[in-house]
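Enquirer: This is the structure I have questions about; it appears just below.
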């Protein structure tokens, strides 16, 4: 723009001068749409035809009709006004439909008539049309061609820049107007200028404009006031915005919506709804009932706070006010339901919406992506791409879909998406290119990640962060450290995101030395002030097991955020200290810190690891007291916690009580049934899940396979493994194969299990799979295979005592005592010790522990006495000590005596002594329950008429009336 503009201080002087002048600078010739004579039937009919054509979108027919009426410049005044009004309707329709080609045809038609092109009203309409079509340069061209410019035309061009978010140009034009003309801004000018100030980082300019508003006496104007409220809210000055709102002499619905949005955007969720209630209470006559803009403003609050109840209430208002057909509102509702974990509700709205736009599709793609549902994400995406030319995917679509490809099994889908993006030239967008770099790295396709990265013309810190972050989350995080060195060579310095990725890589590598180097760089460059960086440092030391350092860093934090508390709780949990994790939780409660759903997840996780159903119930009570029970994360954690504490009935109650079931909640319940060996229930729930429209994911199949494994359903387990691959396109991981191999091995199909390892698995078998095979070799006394598997285990984990114990037990079962002695001698030479069997039971808010063979504990004589009675009773029912469970070369009498000292028997007997009749006994054991204790517990449950629940390190056993839930298959 070639113009010499005055700085703002001089502009103030000009304003003072102009306001002292008597004459008004405002033009008086205002266009009046009623200027056509009302008794002109033909004229009215003509305008109705034009209006109808515009409403139906038939702009070509409308244009041809108007074109016939454009005559010479000497036509009558009435005819001229008629044509002008018709052209105005057509220009407005072209702008609404963003039909710039039609707009240009009209512009050309107007330019051909001297009288039309000199008409102020039409010129203003043309400027506005180009603005609506997203072409502010054309608006400016028309404006600059005007010989004389009135305020409406200045407002139109300022509005054009504002509408298209060219905020620098807005201010330049505004200053040009007040510097070079005698015109004073009005209540149409200022809202556009103030909006521009809101979109700029320099708050001072907005404050200066506010000063001009005060000088011109427009501060009490409702339109200007609304703009100022939004300006202060956008820059985070919530108190100032509220003060302006409170002193407004007149408020319209936009005023209320603006203030509600200020609260919403600045995280004042409760205040948003309180103000909404105040708006409706003050105007009970319906004058200010919520409109689409109101509801669209409060829905993100519901999503952010995961307040599904409030979200449904807003949805109810939409239906009641008959706004539920509005596209923008439906899109907001879909977004809210998706972010609250209710993807099914979002799908229902999506399917019922016949007028979908790209935002609708993007919302659904993003919803499935946020759930980690790759199958659902690509289903919606393919439907969108198959829809023809009506709706086209854009960069946002790709950015929503790409993150869901985070594993090598999703590489084909990622490549498919990449091809489409290349064809549409989306990859030239830096954000899209960065997303592909990160996802290719996460999927392990480093060559593709590098190829996309090198294709970025101008690499920024963000580009390097995408590569470094992707490598950090890949199977080889060392590559992120190499990329960091290349970044430094290129002359770019790491930022907060870079160091967070590097810390993540060090955490995965458990490299304390490298992590400390990164921490040193952070301290030297004052990056510790960034909360995310500080939390990443905490996470590093947590992964490296440096809990003293974690506690010291946490204690040094002046302002402890909720996330920092959660990080420390999770850290103790990950390092096997659930009691300390609960101690931190108690501190939070004492300090009055309000926990959210996500915060409670590690608390329930800690309760799952401790032998205390009581603690879990207390945590549940806390969630109920603070109205967190409807949170999707809480629901899943509760289901999991009760299942792992042996109360599968309570898990089922929580699940069945959910109003909205997410994929995660289905998975938690299926896995709960799985670890309890309730295969029929797990399979039934799996089928019901699919009927309700939820797509199973890899965790769903893990739960089903676990259930089949614990129940010995080999045929069904293999069928579900095949279905996972063929029907759902999911690639089994090591956990899935571990279930299948354990299932085959315990059924005696050892050769088949070994073939699965050798032929079907794309990854190298981990120690868990080899341990499972060795355990199966022990059960079925397959010495040859057992020794080969043990050799593999010793190669992978040479210092794990349980590997030697498994081999020793195999030899003992075959009576090869000399080999047993050699294995134990080798363990002694390596200073390896077998974990002693230990069991726990909670009684009267205390946890009692029992170690195998322990004879010096309080109440031992009482335990010994009751066990003698119990042994006598169950012997009459057929109990015979299973001395094969003793892995030592002893006499039969010595073996029987050793069986009596097993920790689960001690805990069970003590529980019977200390509890009243009919009470369920819950025992927790660190190792797998032996055959002898299993047989004894079954018969004791019948003799004593008690339900006994034993959780060992593999699964749950529910003993009742002489029967175990595992069906003697474990």
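Note: Cβ is positioned from N, Cα and C throughout, glycine not excepted.
Per Swiss-Prot, the feature region 'Type E motif' maps to 770-845. Positions annotated as region 'Type E(+) motif' by Swiss-Prot: 846-875. Look at Swiss-Prot and you will find 876-970 tagged as region 'Type DYW motif'. The annotation repeat 'PPR 1' is assigned in Swiss-Prot to 119-149. Taken from Swiss-Prot, the feature repeat 'PPR 3' covers 186-220. The repeat 'PPR 4' annotation in Swiss-Prot covers 221-251. Annotated repeat 'PPR 6' per Swiss-Prot: 291-325, in sequence order. Positions annotated as repeat 'PPR 7' by Swiss-Prot: 326-356. According to Swiss-Prot, the feature repeat 'PPR 9' maps to 394-428. Per Swiss-Prot, repeat 'PPR 10' is recorded for 429-459. The repeat 'PPR 12' annotation in Swiss-Prot covers 495-529. Feature annotation from Swiss-Prot assigns repeat 'PPR 14' to 561-595. The repeat 'PPR 15' annotation in Swiss-Prot covers 597-630. The repeat 'PPR 16' annotation in Swiss-Prot covers 631-661. Annotated repeat 'PPR 17' per Swiss-Prot: 662-696, in sequence order.
For the listed features, I'd like the structural context: burial, neighbours, distances.
Expert: Looking at the region 'Type E motif' (770-845) alone, the prediction's average pLDDT is 90.
Break the region 'Type E(+) motif' (846-875) down by DSSP state and the numbers are 16 helix, 6 strand, 8 coil.
Residues 187-188, 190-191, 194-195, 197-199, 203, 206, 210, 213, 258-259, 261-263, 265-266, 268 of the same chain, all 6+ positions outside the repeat 'PPR 4' (221-251), place their C-beta atoms under 8 angstroms from a C-beta of that stretch.
Listed by sequence, the residues of this chain that lie at least six past the ends of the repeat 'PPR 6' (291-325) yet keep a Cβ under 8 A from its Cβ atoms are 253-254, 256-257, 260-261, 264, 267, 269, 272-273, 276, 279, 332-333, 335-342, 596-597, 630-632, 659-660.
Within its own chain, the repeat 'PPR 9' (394-428) has Cβ neighbours under 8 Å at 358, 361-362, 365-366, 368-369, 372-374, 377-378, 381, 384-385, 435-436, 438-440, 442-445, 448, 452, 455, 473, 730-731, counting only residues six or more beyond its boundaries.
Panel annotation: around the repeat 'PPR 10' (429-459), residues 395, 398-399, 402-403, 405-408, 410-411, 414-415, 418, 421, 465-467, 469-471, 473-476, 479, 490, 492 of the same chain, lying at least six beyond its termini, place a Cβ under 8 Å from a Cβ of the stretch.
Residue counts for the repeat 'PPR 12' (495-529) by DSSP state, with H, G and I taken as helix and E and B as strand, are 30 helix, 0 strand, 5 coil.
Counting residues 6+ beyond its ends, the repeat 'PPR 15' (597-630) has Cβ neighbours under 8 Å at 306, 308-309, 562, 565-566, 569-570, 572-573, 576, 578-579, 581-582, 585, 589, 637-638, 640-642, 644-647, 659, 840-842, 845, 847, 922, 924, 951 in the same chain.
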Enquirer: With DSSP helix as H/G/I and strand as E/B, how many residues of the repeat 'PPR 1' (119-149) fall in helix, strand and coil?
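Expert: Taking the repeat 'PPR 1' (119-149) as a whole: 23 helix, 0 strand, 8 coil.
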Enquirer: Counting only residues 6 or more past its boundaries, what in the same chain has a CB within less than 8 Å of a CB in the region 'Type E(+) motif' (846-875)?
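Expert: For the region 'Type E(+) motif' (846-875), the nonlocal Cβ contacts are 610-612, 836-840, 898, 900-903, 905-907, 909-910, 912-913, 936, 939-940, 943-944.
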Enquirer: Pull the DSSP breakdown for the repeat 'PPR 6' (291-325) and write it out as helix, strand, coil residue counts.
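Expert: For that range the per-state counts are 27 helix, 0 strand, 8 coil.
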